[in-house]
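What TrEMBL lists as domain 'Ubiquitin-like' is 81-148. Taken from TrEMBL, the feature region 'Disordered' covers 1-75.
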Amino acid sequence: GGAPGLERGRAGAASRGPESSCPLPAGAEEPGMEAQELPLGCGGGGGSPAAGRSPEGEERRELPQASVSNGGDEDGGRELVELKVIWNKNKYDVKFCLDSTGAELKQKIHSLTGLPPAMQKVMFKGLLPEEKTLREIKVTNGAKIMVVGSTINDVLAVNTPKEAAQQEVKAEENKKEPLCRQKQHRKVLDKGKPDDVMPSVKGVQERLPTVPLSGMYNKSGGKVRLTFKLEQDQLWIGTKERTEKLPMGSIKNVVSEPIEGHEDYHMMAFQLGPTEASYYWVYWVPTQYVDAIKDTVLGKWQYF
């Protein structure tokens, strides 16, 4: 039988060099080498370590077939590659089988990061193809695999875009010096409080009065009054010279800031165009009306 011949051949190879070339069954030396490498590989069969110990020739003869099915060379199908997986500022050192597919790598990334495969964007020289193996796309040792994506918990924790944008605007405003110290505003504010300014009430938010808000200055220091025509959905900005009738929907934003030293009054701007240059500034707005003005102009007012 084949097995006794194989055992004798092995024993002879150990003690007598010249006889190692005797006609043993084809590939008999190689299976021994293969058996040592299989445990390192991915999917290297559970029977391989036992094959080295088994006295039965049948199992030993399966080994050359295993090497053929995996490509024939020593590392074929069992070669591991070292990867650096980078996700969300985290780095993971991973050993992974070269003959595994992109889809299998996504499963591995899922186990590392908790990021479901469907929410992963995996990049290696472009988007990683799920159906190809790492060998086919020429992944080498030390390759960086970039992963983009958010876990479901991250998605749920994120604010709505509007809230996030408002927070950014507030943060930006906090960084700048107070508006009332800027030169363009100082020249108006330094004139002092207008004689006929409307009284302010601290710590109270009131609805808009039925009469126009008057006794305020515009940026040229002229008197200005604000009339809210709710039934026409218009804001009328009136000066001595003329009255501008603006549709509420055309006003992009409303900003305001307390006046230093007179915190019961605000300076307020209505954004009439795409940039800050289009702000129409109004000074000495009583603080109790500030929120009502913003809500009315930006479309949040209620029918009372």
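Glycine is no exception: its Cβ is also placed from the backbone N, Cα and C atoms.
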For the domain 'Ubiquitin-like' (81-148), the number of residues DSSP places in helix, strand and coil: 15 helix, 27 strand, 26 coil
Arithmetic mean of per-residue pLDDT over the domain 'Ubiquitin-like' (81-148): 89
